[in-house]
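**Student:** Encoded as structure tokens, here's the structure I'll be asking about.
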Amino acid sequence: MSQDLQKEVASRKTFAIISHPDAGKTTITEQLLLFGGVIRSAGTVKGKKSGKFATSDWMEIEKQRGISVTSSVMQFDYNGSRINILDTPGHSDFSEDTYRTLMAVDSAVMVIDAAKGIEAQTLKLFKVCRMRGIPIFTFINKMDRQGKMPLELLAELEEVLGIESYPMNWPIGMGKELAGLYDRYHRVIEQYRSEEDERFLPLGEDGDLKEAHAIQKSLYYDQALEEIMLLDEAGNDFSRERIIAGEQTPVFFGSALTNFGVETFLRTFVDFAPSPSSHESNEGVIEADNPKFSGFIFKIQANMNPAHRDRIAFIRICSGEFERGMNVTLTRTGKSMKLANSTQFMADDRETVNRAVAGDIIGLYDTGNYQIGDTITNGSKKLEFEKLPQFTPELFMRVYAKNVMKQKHFHKGVEQLVQEGAIQLFKTWRTEEYIIGAVGQLQFEVFEHRMRGEYNSEIRMEPIGKKIARWVKEEDADEKLSTARSMLVKDRFDQPLFLFENEFAINWFNDKNPDIELTSLL
């Protein structure tokens, strides 16, 4: 790989933003895009009446409900780095899509609501990041409102998440009393409300301001200095190595809504966040600077533009250089393909991509060739990256088309939404009626909404009273083993499994059939 290309790859910073719903994830995403010069003003998800919707929320149901249910991909340049942001679903039901997204990034930014602290969804996503060993940067948001005390938030972060923390800055007051941020890294105080030339006040060797200033009269100024002294003496030592290893999280305080502390966070993040690294494959570790092009499909999205009825496969480039029109191999099928139609996104705005390098995320127009987890490369025709995990659904519904004359629309919609991973599909053993499985209730709502809006198919869904899926070997697939509490079905790959009513039904099945092995996904 040439030095120029190595430099280009090193400039990539690809990360996901994770949080609990309503922690301010979409707002901070928009402020980052503002600093990247991509948008002129940040729209707010909550201001529905203004008609301004969040840049990253493009699907109709997201605009209506103010939640992210798909993962958007956004790119911009900042201070010599090419930033790729993946805005993950902020709703607890969408763990599958989020998990796949986290497989495609090199670091994560965790947004926490200062009033609520660590919430269930944040903890779940954090564990996935820890499992992958990627660096986690923490932004404690909503400091313009009254919330938990900063020291309490730090203690919660360390106790609940089990990770070292190092505050990069420290709030001087909060809510109506918020006066500024004491920036330990850049050795300045950033004022909350000030003229531009007075926004950053330099600190002296003693840790106090070099020159006297009105901010020192703030009720919380002396308290902040005392807390900083405590952190210096009793807190964790700053360690770039531990940050990169995912063992220490740098913590930033701020307010995304008032755009306070966000640019300082971005500037520091760009300094610390890792560039694209290696990926495990069946042929060993593939380094980002490997000259051969390779990547994997982590997401498929149909109807991003309803007018065009298109379908996009999102690929994370793992190594080498992509050039539009290049020939590659889809290793699952061994099929040779020409990548002529490639695109990059800013929510629902798109532009053609002529070249991209390791770390970049691009969209490929898909006519049905790709599946989630596919590897494509112009190197070894047998190369395959690690499989993306699939979750075991916990809710199941039988699904029918209301209008039997529109079966074609119905089947096309189900097939496409299953292929993009929006829902999982099962079929009854003999009659092959459709049963759909989801991790959470909202997935069914999104499925119904998209079937109606994108495929013109009104559907009816009925609960089947089963909650647990367990796969069996083909030789053990006997319909006579089905009971009122268990049901033999097949998945989209025709693999047999039983759907059980509850744990009691599984235990009963195991007692009656000790030789049959039941297996689960994640």
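Cβ atoms are placed via backbone N, Cα and C, with glycine included.
What Swiss-Prot lists as domain 'tr-type G' is 10-277. Residues annotated as GTP binding site in Swiss-Prot, with sequence analysis given as evidence: 19-26, 87-91, 141-144.
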**Student:** Tell me, by DSSP, whether K25 (GTP binding site) is helix, strand or coil?
**Tutor:** helix
**Student:** Going along the chain, which residues six or more apart from M143 (GTP binding site) have their CB under 8 A from its CB?
**Tutor:** A114, P171, M174, G175, L178, F253, G254, S255, F260, G261
**Student:** Once the chains shown are all counted, how many other Cβ atoms turn up within 10 Å of the Cβ of S19 (GTP binding site)?
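**Tutor:** A count of 24.
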**Student:** How many other Cβ atoms are found within 10 Å of the Cβ atom of K25 (GTP binding site), counting all protein chains shown?
**Tutor:** 29
**Student:** Among D22, T88, all listed as binding-site residues, which has the most CB atoms within 10 Å of its CB?
**Tutor:** T88
**Student:** If I take every residue in the domain 'tr-type G' (10-277) and average their pLDDT values, what number comes out?
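**Tutor:** So the average pLDDT across the domain 'tr-type G' (10-277) works out to 85.
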